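Taken from TrEMBL as is:
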| type | residues | note |
| --- | --- | --- |
| TRANSMEM | 12-41 | transmembrane segment |
| TRANSMEM | 61-80 | transmembrane segment |
| TRANSMEM | 92-116 | transmembrane segment |
| TRANSMEM | 122-141 | transmembrane segment |
| TRANSMEM | 211-232 | transmembrane segment |
| TRANSMEM | 244-262 | transmembrane segment |
| TRANSMEM | 282-303 | transmembrane segment |
| TRANSMEM | 324-339 | transmembrane segment |
| TRANSMEM | 345-365 | transmembrane segment |
| TRANSMEM | 386-406 | transmembrane segment |
| TRANSMEM | 426-446 | transmembrane segment |
| TRANSMEM | 490-517 | transmembrane segment |
């Protein structure tokens with residue numbers, strides 16, 4: 001029996017794919033359409049595997065596989081990046097967009113082949129569709145990519161395969177197959193880019209803040225893998241293990257990560273970072289303001305835990321309480337987007353590294369703060385945190401930051417794109433900070449008409465669309481760099497489609513929605 005919410009979610013994704021390729025139709029469009037059709041069919045095979053417990057790894061059970069929406073994100077991002085950079089005449093990044101699209105298609109196809117391979121009996125029709133889609137993609141890659149680009153795509157696929165086997169085994173029930181595709185596919189691509197750039201360092205080429213992102217992401221992932229293997233043989237909750245954790249973190253940070261970054265940016269990373277952060281008076285004001293907001297967020301956590309302690313029954317944070325953090329994040333990102341996007345870029349990277357490091361301390365019960373973090377954060381758990389890791393706050397940060405990190409700066413004259421593209425850095429603020437927050441608050445308090453097959457309400461979705469349109473108007477008023485050039489109909493359609501996707505998806509909306517809104521805006 002087909003799941004109606006999954007069908008509606010798939011329909012919305014198909015509409016987005018059609019919208020994008022109605023604007024940029026080329027040989028890659030055939031690949032994207034073929035990938036979407038086969039992912040739609042394979043998605044139901046994954047769902048059946050998850051229901052019967054026949055999947056190779058343990059995935060998050062409170063959601064469907066999410067294969068179709070996840071499969072289209074990376075290919076569509078690559079295609080729209082290619083078109084933007086082609087129109088700007090930047091050949092290097094046009095080729096980079098092609099590599100991104102090809103990599104996304106191949107990784108998604110690999111995940112589909114896995115599902116088809118472990119399904120019993122073998123689904124003949126789905127196998128034929130997967131074979132046809134694979135043939136179209138490989139044929140297009142053969143006639144589009146150079147030998148070095150093909151090798152790069154295969155390198156990312158190889159990293160993805162090994163990373164998936166390791167992390168999905170170590171972290172059961174943390175991801176759906178679609179979320180694993182997005183997260184592990186992204187990490188694989190970042191790792192491959194870092195290796196490639198480390199082997200081909202040319203002094204003065206490349207932006208230091210891009211290298212900072214690559215090294216930070218790979219550094220915290222490798223740190224986690226190292227301690228996960230180490231604590232198989234040690235009890236991580238003892239003082240000796242905790243001291244060893246802090247000591248090895250310092251050794252790996254100062255002895256591996258810092259020299260690696262030094263090789264890439266050709267200067268002392270700490271001196272560069274301090275000089276960058278305090279370069280202008282505006283940056284000092286922003287850092288002070290962000291420090292105040294961070295203290296406010298900590299205050300909310302401590303207050304809610306004190307409230308739990310004073311009540312006799314088990315207390316869990318409400319939806320509205322959790323949305324306080326969305327409001328705080330919006331208040332954090334909007335001034336950074338208006339006044340200093342480079343500072344916001346670097347601050348978001350630092351914040352991501354801190355969040356992941358604190359999650360390691362909580363997960364491994366590292367003294368003296370591990371048990372305290374477990375107690376404080378348990379109040380804010382929801383059904384999406386069914387695995388050993390608490391990832392929702394990290395997904396929130398990623399959802400707000402990815403449009404800033406993935407903004408194609410070299411292909412944007414004067415640091416901004418024209419038309420709806422000017423709103424690309426605001427995709428996270430609009431989709432998650434405004435849309436998702438308003439939909440949850442109004443839907444849970446005043447919503448009465450539910451969308452068929454879901455807990456989301458019609459009132460919540462309509463209010464979210466209206467709120468995002470108001471937010472766009474405010475951005476136009478306060479950010480002089482944004483010029484929409486009469487792209488209002490496209491913006492309304494983009495916001496509406498992504499808000500409908502929020503109503504029907506069971507995936508991590510903090511991660512998925514900003515990426516789709518960014519694709520539509522680009």
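Heads up, the Cβ atoms here are built off N, Cα and C, so glycines get one too.
Remote same-chain residues near the transmembrane segment (122-141) are listed as 27-28, 30-31, 34-35, 37-38, 41-42, 45, 102, 105-106, 109, 112-113, 116, 150, 153 (criterion: CB distance under 8 Å, separation of at least six residues from the stretch ends). The transmembrane segment (211-232) and the transmembrane segment (92-116) are not in contact, since fewer than 3 Cβ pairs between them lie under 8 Å (pairs 6 or more apart in sequence). With a cut-off of 8 Å on Cβ pairs spaced 6 or more residues apart, the transmembrane segment (92-116) and the transmembrane segment (244-262) reach fewer than 3 such pairs and are scored as not touching. Below 8 A, the CB atoms of the transmembrane segment (386-406) and the transmembrane segment (490-517) form 3+ pairs separated by six or more positions in the chain. Counting residues 6+ beyond its ends, the transmembrane segment (324-339) has Cβ neighbours under 8 Å at 282, 286, 289-290, 293, 296-297, 300, 347, 393, 396-397, 400, 404, 425-426, 428-429, 432-434, 436-437, 478-479 in the same chain.
Beyond its flanks by at least six residues, the transmembrane segment (490-517) meets 5, 8-9, 12-13, 15-16, 19, 62-64, 66, 69-70, 73, 77, 176, 178-179, 182-183, 384, 391-392, 395-396, 398-400, 402-403, 419-420, 423, 427-428, 430-432, 435-436, 439, 451, 454, 456, 460-461, 464-465, 468-469, 472, 484 of its own chain at Cβ-Cβ distances under 8 Å.
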